[in-house]
Every structure is written in structure tokens, then in C-alpha cells.
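The structure appears below as C-alpha cells.
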């Protein structure tokens, strides 16, 4: 019984071991076959198609909501990019063909489809770029023409405006000067009868007043006398003393003149102040006589209103 049991057990072992080996081999084969089924061409096509679909229209949709000047910038970039893309697509088929010979036959049509879609996209971009180049090529010569016209208009306009302003000012002057003197025939308004002062200007970055009065004061050192009287006098009377140190109508006239006489020993230029002041008054009178357009009569109280409708009417006495 022992040898039979041994043979039986041996035969049963053989029967049990062979299926085990077959199952392992089948599992190995199934594992090898399953990755091929997972990495199918349909799945690869779906991934490629989704990527190409997202990359293609997104470039076209971006410049749509933007403003006009920004679209011009993108148009210029599209003009440069398709040339490089075409060159890449022209060189890519050779590289893909080389890889296709080495790789499996299943990947060949996938690469050919991608290149075909890329060439279609490049052809569409080329057509859009060529149309944009035509538009851009025509636009530059039209832009400088209105620019030159505007510059010419700006150069010619100020002359016309100046003439209009002068005419308007003359009309306003004619309407303002209505009251005229009966004796001299000149206007008696406040602007025309006001005395004219000597011209002055600001120097040293508009910090110093340059006028005839200031030249006389600084030339004769009278500014030092005004400064001393301002600091030595009281607060209530300092303004009057410093402004008019040579006035005879104010109080303490003798003390002020004695002080200026003592200062003239050290500053002899103070002696030139009285004649310089007289020359200044004479210059003021001459300038006022020449440039004052209004009436100078003192006792002419009779005036009449100028009639705009009758400008050539003679002067008549008021009723």
C-alpha cells in the first residue's frame, strides 16, 4: 500500500503542479497583454485631440475682448510666430518618420495626424497673418498724412486768433470809453486818467524788485537809513519813520535830519539822495505826460456820452 500511495501521491502532485505552472504563465501573459490594452490608440487620440482643441481656439479667442491697440500688438506677434512654426513643422516630419521606423506601427498614424492638424493650423495662421500683413502694410502711409495736416493747422491758427483778439479788444475799448471831456476831447474814465508809473521788473528768480525807486535808494545808501530807523524806533511809529525818513510833516523831524547828517560823514553817498529824488520825479512826470491817454483838464466838468450809432458826429454842448 505504501508504494501505491507513493505513486498516487506522485501522480496527483504532477497533476496539481502542471496547472499551477500554467496558471502562472497565463497570468504573466495577461499582465503583459493588459498594458497594451490600456495604452490603446483610442486613448492616445483622445488626449491629443483634447490638447490640440484647447491650444488652437484659445489663441484665437484671446485678442477678441481686448482693445484696438492691444490687438495690433498681437497681430505683429502672429506675423512672426507662424514663420517659425512652419519651419518647425517642415522639419518635424523627417524626425517623426525616423522615429516611426524604429517604433511600433501603431504610433505612426498618430504622428501623421498630429502633423496634419499642425499643418492645418499653420495654414490657417498663415492666411490670417498674410491678411493682417496686408492691412498693416496699407495703414502706415495713411497715418502720417493727418499728422502733417494738424501741424500745419496749428501753425496757421495763432495768427488768426491774434487778429481776432485785437479786434475784440478794440471793440471793447470803444464801448468802455463813453465819457469824453468837452475841452480836450479825451476820455475821463478812471483807467485813462490814472497816472502812469515807470516800468519795473522782478530779478534774481523773482525775489528782488528792479525799478527806478529801488535803484535810487540802493545807489544812495538810503536803504541803510531806513533799516536803522526801523530797528531804533518804536513799534507804533516805526513804519512811518522807515518808509519816509526825509518827510517834514511827521514828528521828530529835527532828530531824524541830525541823525542822517551824522551818517553822511561816514556815507557821503547820502548827499546824492535829494538830487536823485528830484530827477526821479521829473522822469515820472515826463513818462506820465507821454503815456497817459486820458484827460488832464482840472476844471472841465461838462462831459457827454458818446453815441455808437453816430461816430462821426461833432462835439456838441449839453442841453
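Placed from the backbone N, Cα and C atoms, the Cβ positions cover glycine too.
The annotation compositional bias 'Basic and acidic residues' is assigned in Swiss-Prot to 69-79.
Here Swiss-Prot flags 112-131 as compositional bias 'Low complexity'.
What Swiss-Prot lists as domain 'SPR' is 183-295. Each residue in the domain 'SPR' (183-295) has a pLDDT score, and their mean in this model is 85.
The annotation N-acetylmethionine is assigned in Swiss-Prot to 1 on the grounds of similarity to another entry.
Annotated region 'Disordered' per Swiss-Prot: 54-157, in sequence order.
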Using DSSP, what is the helix/strand/coil residue split across the domain 'SPR' (183-295)?
67 helix, 7 strand, 39 coil
